[in-house]
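Participant: Reproduced below are the annotations present in TrEMBL:
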DOMAIN    47-436  domain 'Amino acid transporter transmembrane'
TRANSMEM  73-94  transmembrane segment
TRANSMEM  115-139  transmembrane segment
TRANSMEM  159-177  transmembrane segment
TRANSMEM  184-207  transmembrane segment
TRANSMEM  227-248  transmembrane segment
TRANSMEM  260-283  transmembrane segment
TRANSMEM  303-321  transmembrane segment
TRANSMEM  342-365  transmembrane segment
TRANSMEM  371-394  transmembrane segment
TRANSMEM  415-436  transmembrane segment
Amino acid sequence: MASHPTYEAHGQPYVDEKASMTAEKQDLGGSRDVFAEDGVHQIQYKTLSWQAVSLLMIAEIVSNGILSLPSALAVVGIVPAVILIVFLGIFGLYTAKLLVDFKLNHPNVHTMGDAGYIMSGPVAREVLAFGTVAFAVFASGSELLSSQQALSTLSNQGVCSMYLVIIAGAVGFLISLPRTLDRLAWMGFLSAIVIAVAGFVAMIGAGANPVPGRSLTVAASSNFFDAFLAVTNPVFAYAGHFMFFILISEMRRPEDAMKAAWCLQGFATVFYTVFSVVVYVYIGNTVQSPALFSLPPAWAKATFAIALANFLFTSGLYVHTAAKLVFVRIFRHSEHIHSHTLLGWTVWTLLCFTGVAVAAILAIAVPIFSYLIGIAAALFAAWYTYGLAGFFWLHDVYHLKGGVDGLKGRPIGTILAVLTIIAGAFICAAGTYVSIKLIVEAYASGQVGKPFIC
């Protein structure tokens, strides 16, 4: 790493803190890749193709997205919901482009925390790094709950749900253990296939068993709370951008990252739209969330059985992401990153275990965990997927393209970046408000259960 200027003061070495911070900032923002390979390292990270990255992202994003989207159509109507799903898919592609450009301009950025440090210093790094880890752990817990729901459905509610969460957590822990993402790529391929197949099976099941006398809504008027509650489903269905920097850091050719983003957003947008419309048209306004519970029991079991592999894989992938951020933060540019050292593997295993354990405890012990997931998504995913991209564009244009003159010379880009920041702030504030109000109403109505129960 870059050396920091030192001086002698009263016989003691004195570190110039300002120069130290500048040197670290240059290291994070410079041309040195976070996983600089020399061909002789025992652990090679930069091995992912853009196809593998696209499959990992599809497996991760589409996993829970399809479960809740049809219910949004029942609240706001089929036309507004479809327009919103398509718009957010396009918006997500735009913000992905901004993230990819920022990563290419700053090769040593590995996480959102690194990007925050380049833009605003150590406080931003800690906040964004914490948010990434927290959101990844919460998302892993969400996947554990989906796995538990799948296993409970398959067992006819015959096994205590706590045990099922623990079983799913054990599988997720094993999946998270490989040190490099290329070891997970083949599972990402299978996971992307099974979630797509599960979606098609659900659509076939809904079409083969339409709800008699169902009602459909083309467009519905609603109050802000109900409308935005429904809108949060498609908004957070695209919430996977927080992993982009980590994934791109392990690509053989980071400049191909936009190919993966095009595949991800293109597939997710089309699949979300088709799945939501088909399921909603055949089930109607009584569609539940998760939508699979609206299917006849046999079809629900078949769909959950197929999707289970995806839920388990995605839970492990989220834990891997959280562990990778902390691991690289501890051992950045040290031998423990690229070599099979006892300390490196011990710390890595403990990080993965801790991530799974926290996710499982949250899922089991916190009755309002499903609501807390909404708060975490509002606080962090709203910024990672949308708002921060605007800051990244403004920062790089200002610092790399001529300062204020560079911004004035790109009025359309500047306006879009500012609107992106405003959109992220609105989603964050409104999503947090809706989630907190849901918790208050759940307690008031006695819907909150007790911890550690089956």
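In case you wondered, yes, glycine gets a Cβ from its N, Cα and C as well.
Note: TrEMBL annotation is automatic and uncurated.
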Participant: Taking 3+ C-beta pairs under 8 angstroms (sequence gap of 6 or more) as contact, is the transmembrane segment (159-177) in contact with the transmembrane segment (227-248)?
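Facilitator: These two segments do not touch.
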Participant: Count the Cβ pairs between the transmembrane segment (371-394) and the transmembrane segment (227-248) that lie under 8 angstroms and are 6 or more residues apart in sequence, then report whether there are at least 3.
Facilitator: yes
Participant: Tell me, please, if the transmembrane segment (115-139) and the transmembrane segment (342-365) are in contact, taking contact as 3+ Cβ pairs under 8 Å between residues separated by 6 or more positions?
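Facilitator: Yes, these stretches are in contact.
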Participant: So, taking each listed stretch (73-94, 184-207, 227-248, 260-283, 303-321) in turn and counting its Cβ pairs to the transmembrane segment (415-436) that are under 8 angstroms, which one gives the highest count?
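Facilitator: By the under-8 Å Cβ criterion, the transmembrane segment (415-436) pairs most with 227-248.
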Participant: Same chain only, please: residues at least 6 beyond the ends of the transmembrane segment (260-283) with a C-beta under 8 Å from a C-beta of the stretch. Say none if there are none.
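Facilitator: Distal contacts: 50-51, 53-54, 57-58, 61-62, 65-66, 69-70, 72-74, 78, 81-82, 85-86, 89-90, 92-93, 96-97, 100, 196, 199, 202-203, 206-207, 209-211, 214, 216, 234, 237-238, 240, 244, 247, 291, 294.
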Participant: Six or more residues out from either end of the transmembrane segment (227-248), which same-chain residues have a Cβ under 8 Å from its Cβ atoms?
Facilitator: 48, 53, 56-57, 60-61, 64-66, 68-69, 71-72, 74-76, 81, 84-85, 88-89, 92, 95-96, 99-100, 103, 109-112, 114-115, 131-132, 135-136, 181, 254, 257, 260-261, 264-265, 268, 272, 289, 321, 324-325, 374, 377-378, 380-382, 384-385, 389, 427, 430-431, 434, 438
Participant: Could you pull out which residues elsewhere in the chain have a CB under 8 Å from any CB of the transmembrane segment (184-207), counting only those six or more residues past its ends?
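Facilitator: Hits for the transmembrane segment (184-207): 48, 52, 55-56, 58-59, 62-63, 66, 175, 178, 271, 274-275, 278-279, 282-283, 291-292, 294-296, 299-300, 302-304, 306-307, 309-310, 313-314, 316-317, 320.
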